[in-house]
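This report refers to the structure that appears directly beneath it.
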Amino acid sequence: MYMIESKGGAIACMLLALLFLGTWPAIMTLTERRGRLPQHTYLDYTLTNLLAAVIIALTLGEIGPSRPNFFTQLSQDNWQSVMFAMAGGIVLSLGNLATQYAWAYVGLSVTEVITASITVVIGTTLNYFLDDRINRAEVLFPGVACFLIAVCFGSAVHKSNAADNKTKLQNFKSLETTSSFEMETISASNGLTKGKAKEGTAAFLIELEKQRAIKVFGKSTIIGLVITFFAGICFSLFSPAFNLATNDQWHTLKHGVPKLNVYTAFFYFSISAFVVALILNIRFLYWPILGLPRSSFKAYLNDWNGRGWSFLAGFLCGFGNGLQFMGGQAAGYAAADAVQALPLVSTFWGILLFGEYRRSSRKTYTLLISMLLMFIVAVAVLMASSGHRK
């Protein structure tokens, strides 16, 4: 198998993982905003997410002089470590599934900020102690502090932007009570031209609500925040579980049995994530949640609208997780949690693709820039804390 042995190689893995893991949520959000049911999107996503793990295992897990290889470990008595890997896959799958609904309620940027902050506070601390403190604490924990400051800015951005949107929509009493003639008149005065609303206007927000799969107007953001915090707790546990699977800090393996390599662990990790996602999403097809329309497995198979984007999201997430674990195995999983600065990438895509924060107030822009700058500092500091596993 191929092993990352240099600090530079580990950091390169983390940076690439950061790009991939910050991009796939934007793609999933794009399909939902275009009206595709999240159950359909997630079923497609989970197929290629598993395929990415298989590709990594059959290539990087088999090449190179390091032993044992992927196929060798499949027959070894290492079920204890396999259970840790599969537990990590289960909580990650639950977290990813939850965030798919949270994005609609509280937005892509804020969802990623909150879940990332919980992951850093809980997950990075657990990984630091599990890794026998190979990361430099005097650098690592100031990085965590920078992350928390960025989270505070992120919360302020959400509050300020929500106030901006409320101001934009103040001429609209409700979608249900506004006549079609009034809607056309008001929309025209708020940026709707030739059937296409300008990003950041009240007309744009209304047009988006009509088109998207998950309807959010008139619903409390508390629902979204609860889902988001649940996802954050799940995300904070999957990396420590994977850490235990590959390094056996609790000495659960029998004497002489090799520890799981990162590729074998990632394979089992992805298998459990796939099974959980498959079971839950097939259930959600027939018994949907949050007011979504009912679907069926036949309808899913016939729904090709956005399928390519969903497949791409699965590949990006799968390869992103694999790169994160490869970097973590080499430089410490606490340092690899620097990929939780993925809101940097998600916010970029949110602004570029979805017009988030367009036509917002100067206060919102100031807070947004402050959040992004603090995230940049946080990811740099966490990567600087990288150690080297002996």
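Placed from the backbone N, Cα and C atoms, the Cβ positions cover glycine too.
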Same side of the membrane, Phe129 and Asp248, by Swiss-Prot annotation: yes
Listed binding-site residues (Ala213, Ile214, Val216), ranked by Cβ neighbours within 10 Å, top entry: Ile214
Seg_contact(the transmembrane segment (308-328), the transmembrane segment (364-384)) with at least 3 CB pairs under 8 angstroms, min sep 6: no
Spatial neighbours of the transmembrane segment (102-122) far in sequence, C-beta under 8 Å, 6+ residues away: 22, 25-26, 28-29, 32, 95, 144, 147-148, 150-151, 154-155, 157-158, 161, 212-214, 216, 219, 221, 223-225, 227-229, 231-233, 235-237, 239, 337, 340-343, 346-347, 349-350, 354, 356, 371
Same-chain residues at least 6 beyond the ends of the topological domain 'Extracellular' (1-9) whose Cβ lies under 8 Å from its Cβ atoms: 60-64, 66-70, 261, 263, 326-327, 329-331, 386, 388
